[in-house]
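**Student:** Can you keep this structure in mind? I'll have questions shortly.
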Protein chains: 2
Amino acid sequence: MSFISRRLASTSTFTMKPTPSKAHHHTPLPSSSFPTGFVLGGIHAGVKKKAGVPDLAVILSTSEKPTSAAACFTRNAFKAAPVLVSNQIIAKNGGYARAVVVNSGCANAVTGKQGMDDAWAMVKATDALLPSKSKKFDNETLVMSTGVIGQNLPISKIITGIESQALEKKDTSVLGSDFKAWESAAKAFMTTDTFPKLRSRTFTIGDQEYRMAGMDKGAGMIHPDMGPASTSFSSAPKQLHATLLGCIMTDAAVSPRSLQSALTYAVDRSFNSISVDGDMSTNDSIYVLANGAASKDGLVIDEESNKDAYEVFKKELTDFAADLAKLVVRDGEGATKFVTVTVKNAPSYKDAHSIASRISTSALVKTALYGEDANWGRILAATGSVPLLPSAATGVAPVIDPAKVNVTFVPSDGTSPLPVLVHGEPEKVDEVRAKEILQLEDFEVLVDMGMEGEGEAQYWTCDFSYEYVSINGDYRS
Amino acid sequence: MSFISRRLASTSTFTMKPTPSKAHHHTPLPSSSFPTGFVLGGIHAGVKKKAGVPDLAVILSTSEKPTSAAACFTRNAFKAAPVLVSNQIIAKNGGYARAVVVNSGCANAVTGKQGMDDAWAMVKATDALLPSKSKKFDNETLVMSTGVIGQNLPISKIITGIESQALEKKDTSVLGSDFKAWESAAKAFMTTDTFPKLRSRTFTIGDQEYRMAGMDKGAGMIHPDMGPASTSFSSAPKQLHATLLGCIMTDAAVSPRSLQSALTYAVDRSFNSISVDGDMSTNDSIYVLANGAASKDGLVIDEESNKDAYEVFKKELTDFAADLAKLVVRDGEGATKFVTVTVKNAPSYKDAHSIASRISTSALVKTALYGEDANWGRILAATGSVPLLPSAATGVAPVIDPAKVNVTFVPSDGTSPLPVLVHGEPEKVDEVRAKEILQLEDFEVLVDMGMEGEGEAQYWTCDFSYEYVSINGDYRS
């Protein structure tokens, strides 16, 4: 009896491709590009074992104007304590908060009553750092944690760390507003990230210039699905969860309602459109603070009272969120490729988004990307496995016509795209050319469904490598 | 500026654990356990390059009684030609067919009109092998293909192969009814499988003994979601698709309608409850033929006219299908573990099935299984990421109460289970004991949701290893 001998082999070794350095994705930014009216910084409080590694960030709005706050949280049923506490604060305050406190190294998830107490303790200690003359609410701090699940925070170390950041404690406080301050805060977000993720931009509404800056972190358990905070003006108490944390600050003035609606829109098209491994976390949170410090003309951006300004702001926020989200994919655990998956001419945006998501999470597609193999068959199988939504008009789901589907690989270097499936027929693929494209660090997979409706969506994903298995096969030890 | 140096490392090597031999899962079966009235066999027709490797199986019912046939097909939108053709034949014949022809090495998927012509040619060539005196329909053969997508079949080699199996061609035909014949057919199903998957059983209804036997194949692109064939008596033309192929033969007599309903039930609880990599194929098909050759008392099993007999048959078919399905997981690409995921006390069977499916496909859970790490946090995060179905009574989805959830690792060797999460609180886990369980080849992950409804479902999955990446990172070359 002859069996294929593959599985009978004893210990083998696999050689990993050299993974490219990602260091160039973090570079100094001009201090003039950071929003005014914020001070922040990151320190080593002792959550992480290794001395000197930042694990606690404090972000304070020093603006005397009201600081609006909005959030999107994981939809996971097992929401971590910081998610629950932050949602309560935003809801109670009607969309206002002036501070954010973040720790890495421990997620404070599945930690029961102690976890809730610890999250509240972080909030209260940070509240005490805020200028008291602008105090309007009992609690004005949002909290985030990331790291191992099921362990309690070393809370006394964290509280000591927060207290050391009081602005008057000039010997211990690192809070500032220059690049170094922003960078140290971004570093305190990191877990298995290999570089801090910090971006800034300026934008103009009317004659007024504003700034937006922020940081995020990711690496693993990255497949966010986040919904808006449950404030009085959001219809349902939806929440999201993942080990994706992000925080965006702007010196524009935005009404709480419009800040939340702009963030919800932006998150769907950025953080909810990325995948590293298809796993949704219990801690995923994106916060945005708008402190109005640059709003000299008194403009408060609002969807109803000044729609044009709102649309500009929403677009800036969406583009900025996408920039931050892409950094997470680029630095995904074990990632050697950054791949944009575009689906167009689907019946709706939601259908296009579902198909792009399925392609982006397929283990077979992702191992083929790692293997630099133009395996369009796997892309097509993933595409076809998504049930399309029933049409609102007929109640019947539209049917994909295989004879109208096109799949194209688009290189990032400006050279010609390579069609691999045209109108449902496989092309005679030039394998040398395919290899040239797939050896790039960045490229795009374009799937044209050829259907009515013009639904289009983009997703950003990475490949599945030996290193991913290595990182996650032995994470706790 | 200091970056974590992990990603900056140049070429590294990873050492794979020795993967256990699976050869013992294929052993000789007594000829008396095979259903009467079938002849079958597998040969090398030339689809696969390597000489002598079986790639074509022919299965004929020689019973003079009507042979009922039922099928479940992939729900993928890009159904391969053999899926489309077989569904047409079953629908046209009202649930009757007397033969199955199978090739491995080429999936005949995304092959346009030529692919349809080729599938029909396989059907017609196999029809010609059937005893003509029982002929009642134009076409009585179902067809299956598995292998690479987007390539045309070497159809003349296949037709020559089929024709060589005419029963009167005693020098070339290998068709028979003993173990060797069944084994050679099972081998012709294989692609990256490491052992042929063949099982048989006997069962009794009243005084009558019947037999059931069958084979399947899997390895990769295994996450089936199959629906019933679209016959006149099935409500909707649902179809499924994957590189899972299975064929079950019985010498009981079963009405076509009841054979389909029993198969649909069985497939949901067997083949639709396994995952190797979460990827659904374009070719997934399960066929069952019931030729009545052992039905001496004239009983035709039917859900309406003899419900007790039907229930016995349905249970036998479900258990048998689960046995075949589990073999596919055990032989999954790169698999070193066979893990049963049981979810109980969910609001419904569907909720339990969705949660078990999500746990079973989580890359983080599967890499932890490979790493023999009792990482219940990842299990919980996967559990919590599943949206529960709205209650029929209230229209509102029930909410998981984290304080009622239990997670337990159950060893397969009869020793004590190890609770890791009890009523939402992490246990102080004995890591030595956890390692003992996780080092077993077989164990169970039991998630008790603690909710009303008593929904319970099982899923079978394997781990994610370096070898999976190796196999799929370089599949086509």
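Any Cβ shown, glycine's included, is placed from N, Cα and C.
According to TrEMBL, the protein has these features:
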BINDING   A:Thr191, A:Lys217, A:Thr243, A:Glu333, A:Asn472, A:Ser477  substrate binding site
ACT_SITE  A:Thr243  active site, nucleophile
**Student:** Go through the binding-site residues A:Thr191, A:Lys217, A:Thr243, A:Glu333 one by one and keep only those whose Cβ is less than 8 Å from a Cβ of chain B; report them in sequence order, or 'none'.
**Tutor:** none
**Student:** With an 8 Å cut-off on Cβ-Cβ distance and a minimum sequence separation of at least 6, pull the same-chain contacts of A:Lys217 (substrate binding site), or say none.
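**Tutor:** Set apart from A:Lys217 (substrate binding site) by at least 6 residues yet with Cβ under 8 Å, we have A:Ser104, A:Thr146, A:Phe189, A:Met190, A:Thr191, A:Asp193, A:Lys197, A:Thr243, A:Leu244, A:Leu245, A:Gly246, A:Val328.
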**Student:** Could you tell me which of these binding-site residues, A:Thr191, A:Thr243, A:Asn472, has the fewest other Cβ atoms within 10 Å of its Cβ?
**Tutor:** A:Thr191
**Student:** Other than its own, how many Cβ atoms are within 10 Å of the Cβ belonging to A:Glu333 (substrate binding site)?
**Tutor:** 30
